[in-house]
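Step one of this worksheet: look at the structure below.
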Amino acid sequence: MSSSELKNDRILRAFQRQPVDRTPVWMMRQAGRYLAEYREVRAQAGSFMGLCRSPELAARVTMQPLERYELDAAILFSDILTIPEAMGLGLNFVTGEGPVFEHRVKTAADIDRLPQPSAQKELRYVMDAVAACRKELNGQVPLIGFTGSPWTLATYMIEGGSSKTFAASKSLLFNEPEAAHRLMAKLADTVADYLNGQVEAGAQALMIFDTWGGALDPVRYREFSLAYMQRILEQLPREREGRRIPVTLFTKGGGQWLEDIADTGCDGVGLDWTTSLADARRRIGGRVALQGNLDPCMLHANPEVIRREVARCLEEFGHGPGHVFNLGHGIQPETPPENVDAMIRALHELSPAYHDATATSATS
């Protein structure tokens, strides 16, 4: 099998709104702590970043959910904070706190001193992990590469970690907008290089996680988040190995800006559970694919409830192509693995009725 041949291209077809035989599915954080086998490899690695920095181990955990479930894509096991870590901010993961940076970005001078790490140098370990994943997949399903959005990365760099209010980050936007624009531009160009490196290493689809875009007001969202995701898109290759490389933008809490997001020229728009699939399809479904949007907490319900919610999501989107089933955010560590199986089985059983029975999912 050649490196470009795929046994299952269902998700790539769905992102292009082409006919498929059933609704494709993958899950945000599908390789993670809810799986016992992941926890074993994580312990072997010694630390979270140790796991990310080992191409062999990263590829192993990337493959784990595909060994359990009939998924239509793999997503690289890594973290959105690899870029700020490579900028020298000193990333640590503290139990009960999450990511914490030793050095915060506090001033305009701090912004101007930040280096721009290269995909082929400081971040080479991520590219090696992508290549290792492609080799392990051997054409089974496509590999998704990803990054955080400039605004989301900036919040961690400015706050020094997670935040409930983003007060320091927003203060920069309000008080020093020129410095904020310099930071976003530096991050956008670094992200573009990072994603280009992932594509060169073998990623077949891309996703930009704008996790904290929904914390912004409409003016600042368009100016400091969306504009820089657009800047990234303009620097990305959109085809490789004879195939479209679909790019999905996901702004958590971004339902009010769907038209603006679709205007960027992305291929897919990620939805959280606060946005109706039916409403999103009515507004932008003629231009982009839609990804989502089961509430991750639903996977703590019993299998009958999960099946009912899968059916509701399918009914909301309706008949025809252009839907990639996913959660509305990352799967939670306490999720029972058997409930994931119940969700996927329900989707496989129920979704073919919404598609053309003559559609194919193999490489054409």
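Using N, Cα and C of the backbone, Cβ positions are placed for all residues, glycine too.
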Among HIS329, HIS348, HIS355 - the residue Swiss-Prot places in the same substrate site as ARG29, GLN30, ALA31, GLY32, ARG33, ASP79, TYR156, THR211: HIS329
Where TYR156 (substrate binding site) sits in the secondary structure, as DSSP reduces it to three classes: helix
Long-range Cβ environment of HIS329 (substrate binding site), under 8 Å and at least 6 residues apart: MET28, LYS252, ASP272, TRP273, PRO296
Rounded inter-Cα distance in Å - ALA31 (substrate binding site), ASP79 (site 'Transition state stabilizer'): 12
Largest separation between Cα atoms (Å) of residues that the record links to substrate, namely ARG29, GLN30, ALA31, GLY32, ARG33, ASP79, TYR156, THR211, HIS329: 23
